[in-house]
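S.K.: Structure in structure tokens, see below.
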Amino acid sequence: MSIYGRDPWGGPLEIAADSTADDDRSRNSQDFDRAALSRPLDETQQSWLLGPGEQKKKRYVDLGCVIVSRKFFVWSVGTLLVAGLIAGFITLIVKTVPRHHHHPPPPDNYTLALRKALMFFNAQRSGKLPRHNNVSWRGNSGMNDGKSDPSWTLTKDLVGGYYDAGDAIKFNFPASFAMTMLSWSVIEYSGKYEAAGELNHVKEIIKWGTDYFLKTFNSTADSIDRMAAQVGSGQTSPGVPNDHYCWMRPEDIDYPRPVTTCTTCTDLAAEMAAALASASIVFKDDKAYSEKLVHGAKTLFKFSRDKNRARYSAGNEAEFMYNSTSYWDEFVWGSAWLYYATGNNSYLSLSTNMKMAKHAGAFWGSPDYGVLSWDNKLAGAQVLLTRLRLFLSPGYPYEEGLKTFHNQTSIFMCSFLPYFTSFNRTRGGLIQLNHGRPQPLQYVANAAFLATLYSDYLDAADTPGWYCGPNFYSTDVMRKNPRKMSYLVGFGNHYPKHVHHRGASIPKNKIKYNCKGGWKWRDTSKPNPNTIVGAMVAGPDRHDGFHDVRSNYNYTEPSLAGNAGLVAALVALSGDQKKIDKNTMFSAVPPMFPTPPPPPAPWKP
């Protein structure tokens with residue numbers, strides 16, 4: 001047999017033995033000197049003695065798979081216990097000693113400004129405020145909206161929504177545009193909102209608006225004949241309490257707030273349809289709510305196409321505050337959003353109809369061509385439909401309209417660049433998109449959003465830029481601010497302190513100031529006691545002048561529509577990546593081309 005041992009020098013040791021050798025050893029062991037065995041032997045001698053003498057009996061532990069000596073077993077277990085205690089002690093020390101963590105880089109200024117700009121909407125809320133509204137000087141207000149006007153019979157609940165600006169009027173036309181812009185920005189940049197920790201916040205802001213919109217008409221019906229256009233008033237007889245004559249906190253308003261009913265409001269209905277349709281994509285994971293929004297959008301858009309078409313502002317006080325100049329741009333804008341929300345090609349056919357585009361002003365060079373605002377949505381619709389051509393390219397019969405919008409988008413993007421003279425610029429570099437008229441910043445914010453978004457579209461389509469005539473350009477536009485002043489309240493160290501805003505200018509001191517009692521807070525030269533964080537004021541004049549005075553709303557009044565464009569621009573510019581969500585916008589759009597049929601069955605003879 002073969003016995004394998006271990007050579008102390010590292011090699012295998014093989015000892016071969018047979019039965020004969022065993023017998024010889026047995027005989028030789030009996031020839032030892034018996035007298036020698038009678039003397040006591042030390043351990044060394046006994047260890048060398050190969051004979052059958054008495055040996056010290058050892059104790060062993062049977063572990064099942066191997067048998068070891070008890071001494072070795074105890075030593076091993078003890079060693080393991082001591083090693084475990086030492087390892088635990090070292091781990092405890094390591095965990096308690098302060099370490100330098102690799103923190104993510106601090107947010108950029110666009111992200112910081114974004115967080116503040118969203119807070120403005122919290123300050124503008126009407127109705128019963130949520131506990132987490134986080135604006136300490138605001139409270140519940142407008143709790144009787146819809147009830148106090150006997151002429152409004154459709155529903156007695158018009159509580160909620162947003163106050164438009166520094167007053168307490170709820171204008172549904174610009175508010176709808178604001179919610180559409182916010183929804184658009186979420187659909188494109190939800191990842192950036194999430195990275196900034198503001199995704200849930202902005203969705204709450206949108207839902208606060210759409211919940212209110214659903215109250216302004218019979219949203220469960222398939223057809224309607226009227227809707228609410230406005231709550232509150234600012235153009236009544238002099239001396240009669242209203243939202244412009246009085247200077248009161250919204251929480252203290254005790255005068256009647258009329259509801260303006262609209263039966264021929266083509267533009268308003270189409271704009272609100274756009275707001276609900278775009279929001280349905282934002283809330284697509286909430287199937288019941290999304291479907292509710294889509295149904296309301298369809299009902300409103302059907303109402304907008306009624307044979308009795310007219311501008312919502314014709315013949316009422318909105319004509320002096322939020323006058324709509326046309327309803328054709330809302331047709332293109334609303335039908336485009338309904339296409340994305342439903343995937344119904346009839347809406348796409350309508351939005352790409354060249355006759356409608358012509359009526360909307362797509363082929364004539366008006367001074368405001370390419371300027372997106374609460375009044376004119378054509379530029380936004382053109383960018384929105386250019387997206388479809390870049391990423392899905394549906395082809396005939398939509399290609400003619402989509403190609404036209406794509407080309408027109410390229411043209412007005414060129415007009416934003418400082419190399420062209422379509423728009424004047426102040427000495428500080430601020431582009432005058434509203435041609436020197438007051439309140440320029442909201443138009444600049446909207447243009448910044450469109451330009452950044454279009455740039456991201458091109459980047460996602462692997463297109464490095466676009467042509468303006470023979471020259472190739474990117475969409476990076478730089479603007480200067482000569483006063484080194486932030487027009488965003490609460491951002492930086494030098495921002496407006498006398499914002500034209502009733503709630504921000506009157507202290508929350510448990511004193512109810514009546515209609516005229518608040519005038520002293522309107523007229524004081526002291527800064528506002530409450531900071532309306534995130535409000536973008538109207539902006540400087542055409543000479544870069546800015547007067548931080550509460551009495552001049554053309555400088556210091558913020559607005560819902562203006563801040564919505566600002567939020568959209570800030571989220572688009574935030575972060576270090578130019579990345580949009582290409583797919584969410586198309587979540588309801590069916591495949592452009594039919595699925596190819598399966599291959600034929602194998603031929604059998």
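Note that Cβ sites are derived from N, Cα and C of the backbone, with glycine treated the same way.
TrEMBL labels come from automatic prediction, so no person has curated them.
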S.K.: Check each of the ranges 1-31, 125-155, 497-527 against TrEMBL and return the one annotated as region 'Disordered'.
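M.R.: Of 1-31, 125-155, 497-527, TrEMBL gives region 'Disordered' for 1-31.
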S.K.: What is the interatomic distance between the Cα atoms of Glu557 (active site) and Asp548 (active site), given in whole Å?
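M.R.: Glu557 (active site) to Asp548 (active site), Cα-Cα distance: 10 Å.
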S.K.: For Asp548 (active site), write down the residues of its own chain that are at least 6 apart in sequence and whose Cβ falls under 8 Å from its Cβ; none is a fine answer.
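M.R.: Result: Pro496, Lys497, His498, Tyr555, Thr556.
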